[in-house]
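**Q** If you scroll down you'll find the structure; I have some questions about it.
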Amino acid sequence: MAAAEGSGAGGSLFPGLADVSISQDIPVEGEITVPVGSHSPDEDYSTLDEPVKDTIMRDLKAVGKKFVHVMYPRKSSALLRDWDLWGPLVLCVSLALMLQGGSADSKDDGGPQFAEVFVIIWFGAVVITLNSKLLGGTISFFQSLCVLGYCVMPLTVAMLVCRLVLLAGAGTISFIIRLIVVGAMFAWSTLASTAFLADSQPPNRKALVVYPIFLFYFVISWMILTFTPQ
């Protein structure tokens, strides 16, 4: 009796529902079961669980591989897959330290020279990256900084050779040797960076991207060539 009254009340509250019938043959779509499959142990592995030594060694190997790619430049995206700024930071600091104290008209220990080199390298890399993005490049911001920073390695080697040559004295022969070394490393840096960045630019705008890269490494090369120790 109560059920009948309830159904009557429900019919008065929701008119039309009394005529709706649900067929028992309507199939239920979708999968409601959770598949239990085999998964590899790597899915449960996290870098937070590994020892600090393994983490450092893995990062060092990654940096070393990027240096190898710069030494043998070719059109490849290997340098762009796992970008990092550790290598560019080490190269920038090393180059700035070797150029420190080399200003001809400096009256102090050359401290500002370090800041000048540091700012020129990083500010120049940022400007080139922004220029690349504005021209429609598909490379990310930090990937471009990574490539430009790692490609400073040949010029860092040139700076080291120039310092060793200057230990024997500054003269015409010394300048010619330094000119050849710096010129070769300048070409190496420019070709290496363009080899990695060329494919990320529109075909009709590659020259607009390569030109700032040329100026960027030319300024660094000029600072190395005109370096004279106090």
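A Cβ is built for glycine as well, from the same backbone N, Cα and C atoms used for every other residue.
Fair warning: this is a prediction, and the values are worked out from it, not measured in the lab.
Marked as domain 'Yip1' by TrEMBL: 70-223. According to TrEMBL, the transmembrane segment annotation covers 83-102, 114-135, 147-169, 175-197, 209-228.
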**Q** Are there three or more C-beta pairs under 8 angstroms joining the transmembrane segment (175-197) and the transmembrane segment (83-102), sequence spacing 6 or more?
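**A** Checked: the transmembrane segment (83-102) vs the transmembrane segment (175-197), no contact.
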**Q** Can you tell me which parts of the same chain pack against the transmembrane segment (175-197), counting only residues 6+ beyond its ends and a CB-CB cutoff under 8 A?
**A** 69-70, 73-77, 79-80, 132, 137, 139, 144, 147-148, 151-155, 157-158, 161-162, 165-166, 209-210, 213-214, 217-218, 221, 224-225
**Q** Suppose you look only at the domain 'Yip1' (70-223); what would the mean pLDDT be?
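**A** Its mean pLDDT is 81.
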